[in-house]
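Enquirer: Just dropping this structure here.
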């Protein structure tokens, strides 16, 4: 074995030191605060001016982890800036960590510079890349552009389960139809699913095999090829495609080096968290793109690498560690008490947690909590790690051993809840059920524990994160749909035994012909209900009281069954998913049955969050979850009931169990499961190493008390992780793969004073809480007594003005360019300009068609093109052709539309921007599609839309010379004035431009400092204005008077004001020192057909096509307060 990294003195990471150049590995044991370290290191890096936030990338593996990391980094930037601000005023910071203390050391100029860097970072925080691994790959695809073989018109699909199943079935049926396969259908499904789950891994056995081996290899290869062709034909791609395309781009012999340089030049700092769960392909991408090109920091803990079944390869982490320029550890545990930290260290000793050829041992850490925070009675100084050995001198069958463990666990929890105390942040209180957690290896074990705890009167919930399609509720619904489709007796009897009907086998056996006929009547009635009202109606029908006074489904489950709350929650969940699928796809009864059957069959592969099983209660309860689900969490007390229970088959066999194995040092997919004795032994060794890491992850969730159970069984104990550690008294690095159970485990642990092993007798059964007295009131549905507020709604500008000018209100949530952008405007033609060009100065956009689709097309192009970049004409034309495939509009030549939009981007915007055009401003100072959801009204009341018209009439808010001064009366006279503003207002601003302060010049396209910038609301309009008969529509028609009239008649002033309120609140939340008088710089409505390019009048206050409005900050604040239900605003957060 090779010890790739042995931490020595001085290898503990110092967050107050500069991040080294090159590649750094930061090995963070459980509970040592790696998220804190990442946030602190990034904050220091930015504060000292070593990098900018928009050139920083932080990557982690899970969506929840990336959201937490984003929140923690933002909080750290805020707190450090606040501490620096105190130091700048002479007030010494109190109780700060070493990083903040160091940042507050230096001259006044240095502190001011650091404070300004953090202030700018907060202002630009939306530009930092904090992403999951898959989001990171999507970002790299965008950065590489044409250097990567990626079609941007293809659609990303996160869950390919259905497509994979179709491809596998098609491949199998094609072979079966010609008689060219000896594989069974289910066997082919398993092989195909494994091949597609790990598409980049080499296949075993490799080339040169024959017979059955060659057939499996050929089938897996064909399935992969078919899947690639199917994705291309459907125009979709997935996670694996992104990673493979980036890897291919970086490995390209001609452009690979340029691609790597492009990515490295984009970022000053790249930090990758949870790196122990990476795979060889992901590490290869990071190595080629960033290793020795920029600062690359990978953070992980190889002892917590437990996702081998998903393709995570611990060897990839070790490869990264071996080629890193420096390696550090974190030396202090902030989660667990010293008694737990030291007890776990003694339990594992020097044992290696790595597979063959990998030495991974625990590194020494100290605890921030010297005293144990949980104790029983007065035993404050008891060991933190307890092993309860049940009848250690008695061999038990595996099933009996599990029952005995569960019974003792319940007894232990009863004692803890009766006599346990906890120091909760300085407050001493009794232990509660929510302080306790049970971590298990499987759903089945968790259910067994949950039922036993519930019977004992201890509330418990299983939070395993498993899919609802693996539940009894899903199978019950499938039985019902089967019976509806084909009401044969056998299917009716199967349905009767589900929780939907609730018969027992005994009742079914004793049922009379009449009772069985009633089942048919029930199913026929439910079939009619399904046709009328869908799955939701069926469940509601079952919940009502049945004939003969029998309770309905809900009352029966919640009153007669201790697991009823769990069952009812699952049934409602499956019902909602069926209802959603029916409405989404329009499936009939047979289609819904097939969809549910497929979902159940593929339940282990489903990744969508909607299918994750819900909690049955949010009351204070014991948390039961799988170890994988618990990773990253912590609990005061953790119980491990099955870590001494591990079954491993003896001889090699033909099964695809653990199908990933290292062959020649390369992670490979073994299509023959365990048939090869050599590969079988290698898999067992890797599996046992991962079991040790599973035990480490589970044990380190405990803050103050860890309890594990040991039993003596014939087959399951000897190879379990806990037993192998307990039977390692000489502290060997290399653990035995199997330890005999005949040895006295009590004597073996006698010398471990930090791990208490307690022999306990076997209980006959788990204690149970007394049943409620007979005569308890029967549950009944609650009567609705509250009043429904029908004025509450989620609305938008389009909905508010729907019907006023003939424009239909679109569905809530559509962006403005998704609705009719060209309302019909009645009235006199626009005044015509005299002089040359009045009759023939049409722009390329003048004669192009209009309508919703055209507006969406134009908005999409303007959003996707950076006006400040080189080759604007080429890029705009390419974007136009690409968007025309998504928003096809007949009669729109790509070249003509592109030419017109180039003119738009080159047109000076007058006094709104100091004469600058969109090209001068650039995408670096443009926030496209700023969406908002603003609460309307409050508990104290709501206002009507007409109240805004009243504010418009206040000349201190809208002066007499305001170009839109007359709109207030138009709004007051409209039918929308009586609309109650209660609920939420949603919208999306086409663009917000960031402009320099008056008198400050900037280079074209360069970012403007956010703190001193001014912000302008921009809205793109493709409206035509009225012209004289036979006159050409051109810039001459878009005079200030014509645009003002168009604005008022289309009710755009209301839209503009609402957008200003949205920007006002956004800046109030996100911009330090926000002042609406300074930072809000007006509104620009760009009538694109009137914008002719740079030859227009650059010095005009309102050039043709550019309507400019400067609403007073006081008006915006007043409307913001009015929308919130009051009469005035309270600063930027109104």
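Glycine is no exception: its Cβ is also placed from the backbone N, Cα and C atoms.
Copied straight from TrEMBL:
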- 1-766: region 'DNA-binding and helicase activity, interacts with RecC' (REGION)
- 7-337: domain 'UvrD-like helicase ATP-binding' (DOMAIN)
- 28, 29, 30, 31, 32, 33, 34, 35: ATP binding site (BINDING)
- 356-632: domain 'UvrD-like helicase C-terminal' (DOMAIN)
- 791-1134: region 'Nuclease activity, interacts with RecD and RecA' (REGION)
- 808-850: region 'Disordered' (REGION)
- 829-842: compositional bias 'Low complexity' (COMPBIAS)
- 859, 990, 1019: Mg(2+) binding site (BINDING)
- 1019: active site, for nuclease activity (ACT_SITE)
Enquirer: Suppose we draw a 10 Å sphere around the Cβ of residue 29 (ATP binding site). How many other Cβ atoms does it contain, all chains included?
Expert: 23
Enquirer: Could you check which of the binding-site residues (859, 990, 1019) sits closest to residue 32 (ATP binding site), going Cα to Cα?
Expert: 990
Enquirer: Using Cβ-Cβ distances, find the residues under 8 Å from residue 33 (ATP binding site) that belong to the same chain and are at least 6 apart in sequence, listing them in sequence order.
Expert: 330, 332, 334
Enquirer: Of the binding-site residues 859, 990, 1019, which one sits closest to residue 35 (ATP binding site) when you measure Cα to Cα?
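Expert: Given the candidates 859, 990, 1019, the nearest one is 990.
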Enquirer: Quick one: which residues besides 28, 29, 30, 31, 32, 33, 34, 35 have a Cβ within 8 Å of the ATP site's Cβ centroid, in sequence order?
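Expert: In sequence order, the nearby non-listed residues are 37, 301, 330, 333, 334, 335.
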Enquirer: What three-state class does DSSP give residue 30 (ATP binding site)?
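Expert: Going by the DSSP assignment, residue 30 (ATP binding site) belongs to neither helix nor strand, so it counts as coil.
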Enquirer: Tally every other Cβ atom lying within 10 Å of the Cβ atom of residue 1019 (Mg(2+) binding site).
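Expert: Here the count is 21.
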Enquirer: Spatially, and counting Cα to Cα, which of the binding-site residues is closest to residue 34 (ATP binding site)? Options: 859, 990, 1019.
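Expert: The smallest Cα gap between residue 34 (ATP binding site) and any of the binding-site residues is with 990.
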Enquirer: Let me know the most crowded of the binding-site residues, choosing from 34, 859 and counting other Cβ atoms within 10 Å.
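Expert: Max Cβ neighbours within 10 Å, all protein chains included: 859.
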Enquirer: Given the binding-site residues 28, 30, which one is most crowded in terms of C-beta atoms within 10 angstroms?
Expert: 28
Enquirer: For residue 31 (ATP binding site), which residues in the same chain are close in space, meaning a Cβ under 8 Å from its Cβ, but six or more apart along the sequence?
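Expert: Counting only residues 6 or more apart in sequence, the Cβ neighbours of residue 31 (ATP binding site) under 8 Å are 333, 334, 335, 336, 341, 634, 700.
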Enquirer: Rounded to the nearest Å, what's the C-alpha distance separating residue 990 (Mg(2+) binding site) and residue 29 (ATP binding site)? Just drop the number here, would you?
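Expert: Their Cα atoms are separated by 46 Å.
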Enquirer: Sort residue 1019 (Mg(2+) binding site) into helix, strand or coil using the DSSP assignment.
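Expert: DSSP call for residue 1019 (Mg(2+) binding site): strand.
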Enquirer: Please identify, from the binding-site residues 32, 35, the residue with the sparsest Cβ neighbourhood, meaning fewest other Cβ atoms within 10 angstroms.
Expert: 35
Enquirer: Can you tell me how far the Cα of residue 29 (ATP binding site) sits from the Cα of residue 859 (Mg(2+) binding site), in Å?
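Expert: Between the alpha carbons of residue 29 (ATP binding site) and residue 859 (Mg(2+) binding site) there are 49 Å.
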Enquirer: Would you mind checking how many other C-beta atoms are within 10 angstroms of the C-beta on residue 990 (Mg(2+) binding site)?
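Expert: For residue 990 (Mg(2+) binding site), the count of other Cβ atoms within 10 Å is 23.
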Enquirer: List the Cα distance (Å, whole number) between residue 28 (ATP binding site) and residue 859 (Mg(2+) binding site).
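Expert: Distance (Cα to Cα, whole Å): 47 Å.
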Enquirer: Fill in the CA-CA distance, residue 1019 (Mg(2+) binding site) to residue 30 (ATP binding site), as an integer in Å.
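Expert: Taking the Cα atoms only, residue 1019 (Mg(2+) binding site) lies 50 Å from residue 30 (ATP binding site).
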